[in-house]
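Let me begin by presenting the structure, written as structure tokens, before commenting on it.
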Amino acid sequence: MESLSSLYRDHIATLQQRTREILQRQQLEGLLIHAGEPISRFLDDHDYPFKVNPQFKAWFPVTRVPHCWLWVDGVNKPKLWYYLSIDYWYLVEPLPDSFWTPYVDIVPFADPDEIAALLPPRDNVAYLGSSPHRASLLGMERDFINPQPVLDYLHYHRAYKTDYELACMREAQKSAVNGHRAAKEAFLSGMCEFDINIAYLSACGHRDTDVPYDNIIALNEHAAVLHYTRLDQHTPEHVMSFLIDAGTEYNGYAADLTRTYAAQKDSDFAALIAAMNSEQQALIATIETGVNYIDYHLQMHGRIAKLLKQFDILSGLSEDAMVTEGLTLPFLPHGLGHPLGLQVHDVAGFMQDDRGTSLAPQSRYTHLRCTRVLQPRMVLTIEPGLYFIESLLAPWRANTFGRHFNWSRIESFKPYGGIRIEDNIVIHDNHIENMTRALKLE
């Protein structure tokens, strides 16, 4: 594989080309990209964990240092004003010296309020960042603060990963897979959710503030809460299932993986997990360029109908009728997946072009996060689920179609919560790369 340095050189060239294009289109002279500022807790002297502007970390892996500024014009070498505070209370991140630093001019400064005097004139420059107030203090007018046409263009093209970005995402997969394996062992040894999470973080080398989203570590019926993050400190008396949805970051790029396990390998739930895994892999085998992601979401509902019929959860209707009448929806209430990259739910999932044209999902699939036609270099998650959630099932009990639900069978599955299996894939011209399965995470 090429060195990260050479991949990064080409990555910067791509970002520079995109910058030239949008500056010319909007008649701008440059982009001023702000890393962001710490946010203090209300009536407190502590800050929330700092999360960098994704538009900033697209250019280089500076993810922990607030108050930094980047100036790009698509022609000259990108210029980074790097916040190097003088502080004895907190650790000061040293001036970077890494594979990416030869491609950037770095200017250290110690006082965030100095920046106005350090920056070039800003009369025809767009500010991209989370602090419009700071931009106003720099004399920038409202129309130049996060202008939508600039954001639309940059967001749209972020879907197409450079080779550098793909290399970073493959590295993120490796650490996430290490964490998932450690978490599975912790589950099998009888640990509680809290301790399973610690095992995961330790294996990944991440703190809980480093992971790209709050880990979902769910035993038993907790798996029926889609974004369950409580982390119980007591192991249930009868452990039946384990769902883990957890990721990592590498150079600012995310991995997002999910697996579900049964405590008893000979249970019906274990068989349902195995069948779901087969359907997920079969769906991935059908993915190709030029097809809208919506089509695969609809295909998965057909596969869910097949499972519901196979396991006697629904009966008396064809699989097509189950989908048409919405009977699969309470079992799979979320979308098939989403774009992945600098953010877990990466931007522009609905954008059809780089001018902001949006295509919303069908009204019955409001939680689908991607309606784009799949093209090479896109990275997406494929994460079908099958859950037993009473609040979603309850309306069907008195419904005309309620007789098609095997309610006693559903009650027997409720203590397991549900299933989700998630891989991260890359679209290539002639094949689909499953980054997760390539590392043998089963």
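The backbone N, Cα and C atoms fix where each Cβ goes, glycine too.
Positions annotated as Mn(2+) 2 binding site by Swiss-Prot: ASP245, ASP256, GLU422. Residues or ranges marked as Mn(2+) 1 binding site by Swiss-Prot on the basis of sequence analysis: ASP256, HIS338, GLU383, GLU422.
Sequence features, as recorded in Swiss-Prot, placed on the structure.
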residue: ASP245; record: Mn(2+) 2 binding site; DSSP class: strand
residue: ASP256; record: Mn(2+) 2 binding site; DSSP class: coil
residue: HIS338; record: Mn(2+) 1 binding site; DSSP class: coil
residue: GLU383; record: Mn(2+) 1 binding site; DSSP class: coil
residue: GLU422; record: Mn(2+) 2 binding site; DSSP class: strand
Original post:
So around the Mn(2+) 1 site, ASP256, HIS338, GLU383, GLU422 aside, which residues have their CB within 8 A of the centroid of those CB atoms?
Top reply: ASP245, LEU257, THR258, GLY337, LEU340, VAL344, THR381, ILE382, ASP423, ASN424
**OP:** Have a look around GLU422 (Mn(2+) 2 binding site) and count the other CB atoms within 10 A of its CB, chains all included.
**Re:** 21
Original post:
Which residue, out of the binding-site residues ASP245, ASP256, GLU383, shows the minimum number of other Cβ atoms inside 10 Å of its Cβ in this structure?
Top reply: GLU383
Original post:
With every protein chain in view, how many other Cβ atoms are within 10 Å of the Cβ of HIS338 (Mn(2+) 1 binding site)?
Top reply: 21
Subject >> GLU422 (Mn(2+) 2 binding site) to GLU383 (Mn(2+) 1 binding site) - Cα separation in whole Å >> reply: 4
**OP:** Enumerate the residues of the same chain, ASP245, ASP256, GLU422 excluded, that satisfy the criterion Cβ within 8 A of the mean position of the Cβ atoms of the recorded Mn(2+) 2 site; list them in sequence order.
**Re:** ILE216, ALA246, GLY247, LEU257, THR258, THR381, GLU383, ARG420
